[in-house]
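Student: Sharing the feature lines straight out of Swiss-Prot:
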REGION    1-35  region 'Disordered'
COMPBIAS  17-27  compositional bias 'Basic and acidic residues'
TRANSMEM  52-74  transmembrane segment
DOMAIN    96-263  domain 'TNase-like'
ACT_SITE  R147  active site
BINDING   D152  Ca(2+) binding site
ACT_SITE  E155  active site
ACT_SITE  R195  active site
Amino acid sequence: MRWPPWASDSQAQQQTAKHDEHDERQAAAKSTTTSKKKDWESSVTAIDWAAFTEARTIIPTLILTSGFLGAFYIHRRYLRRFPDAVSITPSYFRRRSLLGQVTSVGDGDNFRIYHTPGGRLAGWGWLPWKKIPTSKKELRDKTVHIRLAGIDAPELAHFGRPEQPFAREAHQWLTSYLLGRRVRAYIHRPDQYQRAVASVYVRRLLDFPPLRRRDVSYEMLKRGLATVYEAKIGAEFGGEAMERKYKKAEWWAKLRGVGLWKDYRRNKTKWESPREYKTRMGLEEAAQPPVETKK
């Protein structure tokens, strides 16, 4: 039907053709827009898998990954700090050592160290964030309790027990020999008192020859400041060769009558080793009647 009614057939055909042409242009424009949108989305989400197999991608990735894993391994194996003896992993027992600074000496055969893994090469003592604490408050729960392997020193007065002869001299010597110095402790095992039983070595400038590595347990035995560990259970020497060496050092100190062996020959019947002293104290305490508590 012509519209308007008075229009001729040719005019109606021209108008229809214009409308059709307009619709075609809109459809073409819409199709182009949709195609461009799809192309953009596909370009964004497309993954060029071939790029991941190129040398320029693989080599830096391998270097970065290896560096990260290597740094993690070195830190875990060599630079991890143990805050106490309980934290020491079994992989250290009879295999590895701890480097640290002695912060206190509790008795003639035990002391505490602040573990400094890596030593000065790792920045301990000179980097601002690797300073060794000095106050008791700062050191609380941050030191490893070390028990010297292979020896038994005279007992100081504690837990209500009297002081054993020559205990104070042994404690004073060990304090002057180790306090504030860096030592290396070869860990054998933990003991029942949450200490690490270890063979400990120190270097001192004033010793002769200077800076020679000294076995602390051996030095105490030579001076008659301790006896060879006599208990049958829990004895640690670091091997049979070290046990023979310690017994020989004790024999020489006894022969010369130095330290706690001074009155041994004249008073053998009353002379008491640290092991005998602890056994006697244990028997006396066991024989005492239990203390009744007031209700």
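Placed from the backbone N, Cα and C atoms, the Cβ positions cover glycine too.
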Student: Might you list, by sequence position, any residue in that chain lying six or more from R147 (active site) with a Cβ less than 8 Å away from its Cβ?
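Tutor: Same-chain residues close to R147 (active site) (Cβ under 8 Å, separated by 6 or more) are D109, N110, D191, Y193, R195, A196, V197, A198.
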Student: Pop the mean pLDDT for the domain 'TNase-like' (96-263) in here, whole number is fine.
Tutor: 94
Student: When DSSP states are folded down to helix, strand and coil, where does R195 (active site) land?
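Tutor: Its secondary structure by DSSP: coil.
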